[in-house]
Amino acid sequence: MNILFWGTPAYAVPTLDALHGAGHTIVGVVTQPDRRRGRGKQLVPSPVKARAEELGLPVFTPERIRRDDDCKAKLAALGADASVVVAFGQILPKDVLEQPPLGSWNGHGSLLPRWRGAGPIQWALLEGDQETGVGIMAMEEGLDTGPVLLEQRTPIELLDTSIALAERLSALTAELMVQAMPLIEAAGTGPEDERLAKLNVRVQAEGSTYARMLEKQDFQLDWSASALSIHRKVMGLHPGAFTQLHDKRLKVLRTEPLIERLQDQLSTEGRSLVGQWPTGGHPPGTILAMIEDLGLVVSSSGCPLLIREAQLEGKARSTAPALLQQLKATLGDRFGEV
């Protein structure tokens, strides 16, 4: 098949590689324009653009595809059979979606209709979902509302970070998209409703949830919340969740709630950490213990939380005992106090 690929972040690269490796002709790659990054504010290409150039593929970088008629004309001239979209970063207009005769297909990182929108992986972790997955969806004008052709599920582990989960879902998306292509090709051209009927797609049920864009305040830890809620924020927003200790900002990178289901791995010198520090009587965010080879035990609602890895403002990320030395904290100090 002749495929026009749309994608931007590293998450999309495995799908591009998989389609290319499966023998499909990638007639073009559409990605977001280069952005200025880092201290030097140098222009940096997207991971998809960098990979496409390594593969010798033509690349297009429209600032706003909806308004770029010149780019639309160039893409139409490529003669793609289908468009494949994975985390492109712009909403595609109807005329672009309907251009390829075999349709436009999206690899989405959730079990639709749960977590439509731009941050499904983060929100699945934040809300404590037990499983998630990926779906190959026929695209339409609505945001992630199209019928689903293929879907694959995966469990969410308590200690998964958003980065680890994204890597799993990215690989699943690549596998599933390769499986989808011969099915889409076999359905042939013609009216969309007839093609989709041949493919026996699943129309999304009611009861959708929306993965809204995250804002700065979402990343700040609230120590009055439950240990599980704080842990989910740390893992779901990795590596961006933060707190304060006195006048310093601390990025919290890895935590473990001191709960029974983690009892076997939460031990030191053969003694379980679970149940050692009742939180009653301690204000939220209070440092209850500093364990040299593990980290800090901090009070929260319900049970304490173990901070295993963090990054103090102006320092490199670190684990115990270096973290304890950098913080210069004492028992009874409180996170969240400025």
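Just so it is clear, glycine is given a Cβ too, placed from its N, Cα and C backbone atoms.
Residues annotated as (6S)-5,6,7,8-tetrahydrofolate binding site in Swiss-Prot, with sequence analysis given as evidence: S110, L111, L112, P113. In this structure, S110 ((6S)-5,6,7,8-tetrahydrofolate binding site) belongs to neither helix nor strand by DSSP; it is coil.
A sphere of 10 angstroms centred on the C-beta of L111 ((6S)-5,6,7,8-tetrahydrofolate binding site) encloses 20 other C-beta atoms.
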